[in-house]
Amino acid sequence: MPESVLTLRLQARGLACERDDRWLFEELDLDIRGGEIVRVEGPNGSGKTTLLKILSGQLTDYHGELFWNERPMRQARQAFLENLLYLGHAPGVKAALTPLENLAWYQALAGEVSHEAPRLAALESVGLAGFEDVPAGQLSAGQQRRVALARLELTPRPLWVLDEPFTAIDREGVAALEERLVIHARSGGCVLVTTHHELKASQELRRVRLGSGGPDVKG
Amino acid sequence: MAFDSFNEFIAMGGHAPYVWAAWAATAALLVAIVLHARAERRQLLRHLRRRARREQRLGADQGEAARVSHQSGGNRHDT
Amino acid sequence: MSKADSSVQRDAAHPAAVGEPGGGLAVAVWATLKRDLTLMLRRRGEVLNPLVFFALVITLFPIGISPDPELLATIAPGLLWVAALLAALLSLDSLFRGDYDDGSLEQLLLAPQPLAMLGLAKVAVHWLLTGLPLALMAPVLGIMLALPAGSYLILAISLALGSASLSLIGAIGAALTVGLSRGGVLLSLLVLPLYIPVLIFGAGAVQAAILGDGAAAHLAILGALLALALMLAPWAIAASLRISING
Amino acid sequence: MWAFINKLRSPKWFYAISERLLPWFWVAAAALILVGSVWGLAFAPADYQQGNSFRIIYVHVPAAFLAQSIFVSMAVCGLVYMVWKIKVADMVAAMVAPLGAAMTFISLFSGAVWGVPTWGTWWMWDARLTSMLILFFLYLGVIALRGAFASRDSASRAASVLAMVGVINIPIIKYSVDWWYTLHQPATFTVTGRVGMPMEMWAPLLIMVLGFYSFFIAVTLMRTRSEILRRESNKRWVRELAGERH
């Protein structure tokens, strides 16, 4: 294993989240390293999305501690965000902009000056070649989701946090994405994912279960 | 004493409607605030006490069973 | 594929290598400006609506009050300012709503850039496409209200300066209500009381110019209000957006 | 200092300590308001210009003071809640907002009534009344915003931010309205706040102001105690408390 894997580590100690006096989860300990695909499981309303929002740094009103590469999240936030790619429920694709323009904004948002070539390549890799200049509003829901997924290729980030990424994608797309997740993990990256779709078992896959009986971590 | 008689006091030198209207409205609002706070507290305590009684009836084990009974049976027993 | 994979490892080893700090912020702010401008210019109706509203409201007053030029001239500064203020308020609700609905707002929050600055870029676009056109249009409507000569330039300048403050203050309200399904009316309730100082000094500037007192002091105060809003509002906007995204 | 802040974190501690303080504030409020009212209504001399209508000052000014102070206290509570995540601070902020709106209303109403003998009209765009009216709208905004959220945590945060934004704006609004008023001022005198008020006039005013503050603290403590029970109703100590009092 290359040395770089050691530097990717997301830890949670005693993580608990209370929303309006209801505990979504309590005493959750996580230690996520490069090379892993972590699937967060649980019934509806068990706090999967909330956990992903906490682990991606969007929600800050949690109890417990988070560490990024051994440093407390509060101090390491900037470095953490520079290594994170988060895809939420909504794809974050502007209907009035073309896929190319959408990607250009995301690339610039990361602070990178870039040219069109990597964006074209990213769109091609998700099967959207030929749709580069069509306003995203005219694309199907699955194609819009693919525009969002193109960001996985566009901005190389080691930590992926994906909330229901398989929504609206066809079978071939699902297979390709699933394969992509495994490749990302094998090359030292890390994937945190929620999905109703059953992932193929692989040695990289780990499960974290949330539910009424409290969190239950399996290796 | 700024007034010679009680009638003069009530008359307020001809400004009676204004002075008494302002004072009465203020007094009424302050009293209403106190009454509301009291009613709110009483209602809340009554609700909590009723719940406590219900939980005692439901089981000798007050801890976990009580919480479950409240969460699942709140509506059923509230009527 | 292989190209992307090799860069993953590089970035994992040197997390700081992604995006140069400093230069990255300028790139992100510029791209956000450009994106929002493009978006608004693709929906020109939304840009024109506040302007048409402004003209319509100004048309209502002579009809509702009196066509007498003398009477109109005395109330013109206030009317123009109030109508422009309401027109600017009209487009405020959509400032963050589109981004909230399609998920871009989450991405904005997670960009490795200060959210306050990205929010400021969005507010700047709002001002460029609402406040500034209103300021340029106001003198034309001033003619229709028999606004005395010599105050037209001050009217435009005071509106341009003041509407920037209005956009900044209003954006706080828009950020607070973006997570609410029916935030529009609430937004006006929150924001209008906060608009009053700007209205007082804005309309006061035009008034002073008419009286020949010189409007420099008023414009200076409007500038000071804008400076204060520029310093404080972006942080309030950022905090409000973080609250709304959790709602 | 830290120990104190940490104690404040516990609603239970607040509940216990406020129980001991509450009677004192009720007694102080009742006594001060009673003495101030009798003194102000019956014993203070009439004003040489306004006659007895000036006695409205003894409700108008304390309410106006309180209206402004409550907004500031609401913003401070919001800040404490946002920075230290002390829930009691948010409960206090939620409870004082309607009280502040009520005080603003009293001061507006008494000011309008006072306007009839003084100006001959129910409403005058006097600087103070105008500022008060704007303050009233600010209160309504905070209350409406808190009510608009489905999640109480988000509502609390949003209301805190708005209260802080409002409190920064209040002095700006106040000064700009004062300035606007001097510019457009019609030839009348302002009703309150003249210099050189004799002791027999301002002493009862001071007593009334203190009485209103005590009243505010007493009502706030009482309602916050209710709010604590409501929000913590599933905690063990509240259950035990309810169980004891059969």
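Heads up, the Cβ atoms here are built off N, Cα and C, so glycines get one too.
Database features (TrEMBL):
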DOMAIN    D:13-184  domain 'Cytochrome c assembly protein'
TRANSMEM  D:21-44  transmembrane segment
TRANSMEM  D:56-84  transmembrane segment
TRANSMEM  D:96-117  transmembrane segment
TRANSMEM  D:129-149  transmembrane segment
TRANSMEM  D:161-181  transmembrane segment
TRANSMEM  D:201-221  transmembrane segment
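Spatially, the transmembrane segment (D:161-181) is not adjacent to the transmembrane segment (D:96-117); fewer than three Cβ-Cβ distances between them are under 8 Å for residues at least 6 apart in sequence. Scored on C-beta pairs under 8 angstroms, the neighbour of the transmembrane segment (D:96-117) with the top count among D:21-44, D:56-84, D:129-149, D:201-221 is D:56-84. Where the transmembrane segment (D:129-149) meets the stretches D:21-44, D:56-84, D:201-221, the count of C-beta pairs under 8 angstroms peaks at D:56-84. When Cβ-Cβ distances below 8 Å are used as the criterion, the transmembrane segment (D:21-44) is approached by residues 55, 57-58, 200-201, 203-205, 207-208, 210-212, 214-215, 217-218, 221-222, 225 of the same chain, each at least six residues removed from its ends. Within the chain, the transmembrane segment (D:56-84) has long-range Cβ neighbours (under 8 A, six or more residues past its boundaries) at 5, 9, 36-37, 40-41, 44, 90, 92-93, 96-97, 99-100, 103-104, 106-107, 110-111, 113-114, 128, 132, 135, 138-139, 142, 156-157, 159-161, 163-164, 166-167, 170, 191-192, 204-205, 208-209, 211-213, 216.
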